[in-house]
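**Student:** Pasting the feature list from TrEMBL:
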- 14-139: domain 'Peptidase C39' (DOMAIN)
- 175-197: transmembrane segment (TRANSMEM)
- 175-453: domain 'ABC transmembrane type-1' (DOMAIN)
- 209-226: transmembrane segment (TRANSMEM)
- 280-304: transmembrane segment (TRANSMEM)
- 310-327: transmembrane segment (TRANSMEM)
- 397-418: transmembrane segment (TRANSMEM)
- 487-724: domain 'ABC transporter' (DOMAIN)
């Protein structure tokens, strides 16, 4: 084996064996070969990684973020398209490498193994074939237009819902083709009956009867097979769309900017659950009903050929059903929207009550909550009953019209037979065709009744999907895998959504790398908001927040937050083990036991872990209810330090701890924070020994900023006002 150094990967592209994610390293290598420089955080943020690693199934989604179009193919190694190289080879045991070139004559392949630090290696083709799994991934760059290629006609953006549905147009094309055949086969039974009554029975032609019977049986078998295939194709298309749409909705929710966060969690949950209504509407019954509808005209035309007068009641019945269904649309729209709104409001009450059940009991608010719930339930019940009544009336009218049309066809047909204009077999055939013509109309009427519920749900989901996200499509971020920890606030002003006054006003300050600063101030003065601004959770109304002199809006949010260890004032723990809560966001594969135990010891959780039979795998319960307030706070501290961040943001880190626990934490933090930038928000003056500088904030503005002792002395003398 020989080695040849490939073009050196810049240090800020993080392609190294230490990542322990060979697929991600291969993707970055290919992206770099096409001059697309992108960090691993940007490629994998929000994707459903397995054990913290990229998988072949989600590789195309990660590649799209690098401006690449990826496709997984099954092919022999020697049959791979040389013009599409470099490509990723999937090897046995979950390994991967990048295939740069193939030389069939010399039986060698030039590859890049991630663990070789992007060095090209010439390997024997036979040896590589033995390790090759038979699957490869092609990845090619998209062509990008710049400002010199303006659009002549404005292109409409791809709709999140209909765009995914259109991806299955080939399946729907096959469904339409099958429906054409099925509806043509539907004519066979009436023709069979016509011939039996008009020709076989009068002439006692039993041989002809058997021929016709065998023929119709074959048609029925084909009809059954086509119906099963059609339903399977429709369900396959719906399931494919369901998976993609569900992923898109969840990705949009997780990627949503905090400014766009809905006011009510329960209402927002109801909106997301309404996707089930949309999913059911695009299922088998809807598609089949719409596809069969155009063939109504064919059946009416055949009836008219048999006996023109018999087509009149069919056309009248179709018109009556459609007019009634359309007349009901206004009421259905009103009731559907009302039902959705009250359902969302009731769901908000449920979620809020369950999540705050302890507070409800302590405040003796059960009666109040019960009253709100029952009023909403009663109104929802009345509205839903009205909606069901109007919807069922459409279906009932359609069924009544179908039977009435059948009776009218028979009545007119009898008179036609008496007059000698129609045979008995022709009447029966026309009767069967009339039922076949009315069935799709009845189904379409029922779909119109369901349409507004689905349309209302889709509109609510459209509002979610149109919310701004942290990673807009097409935006390129500055890659900063390593930072020094300098923080700058440059005339920053910030206002929370729906508020009338700014939370921060003209904040200007610089925190040097490795500096320890405490922020003091009254409740609601804006201390916690400073942390949220540095984490990129909210955007400034004016000014800029910078990390190492780079506006944080230029850095990928996930990579930005990787550099911060954040202990929030409002703790959020998830159902699961202590280990899962501490390494949350980093993936258990990326945190070794040594780092985990070090974080546990620093946070003072080692006593709990050592005493519990399950150790770090003990269950913390939903929202951490199995732990005390101090223990939950210690978990938050362990979570903040487990990844060894460069900057520590500590918002009241000891507010739930006793004095002994606070003193122990203070001594451990003093050693751990050496060389790290630390911003401490606290009301406890005992923690001020951790800092050298104090900033006093009042009403969103910096009131004082200077050395700790000087500022604290000014506070004691009342020169700055109290900053408790």
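For all residues, glycine too, the Cβ spot is worked out from N, Cα and C.
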**Student:** Given a Cβ distance threshold of under 8 angstroms, which distant residues of the chain, six or more beyond its ends, lie next to the transmembrane segment (209-226)?
**Tutor:** 178, 181-182, 185-186, 188-189, 192, 195-196, 200
**Student:** By a Cβ-Cβ criterion of under 8 Å, what residues six or more beyond either terminus of the transmembrane segment (175-197) are in contact with it?
**Tutor:** 208-209, 212-213, 215-216, 219-220, 222-223, 226-227, 229-230, 233-234, 237, 287-288, 291-292, 295, 298-299, 302, 306, 423-426, 428-430, 432-433, 436
**Student:** Can you work out which residues elsewhere in the same chain, 6+ from the ends of the transmembrane segment (310-327), have a Cβ less than 8 Å from its Cβ atoms?
**Tutor:** 296, 299-300, 303-304, 394, 397-398, 401-402, 404-405, 408-409, 412-413, 416, 422, 427, 430, 434, 437-438, 441-442, 444-445, 448-449
**Student:** To what whole number does the mean pLDDT across the domain 'ABC transporter' (487-724) round?
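**Tutor:** Overall, the domain 'ABC transporter' (487-724) comes to a mean pLDDT of 86.
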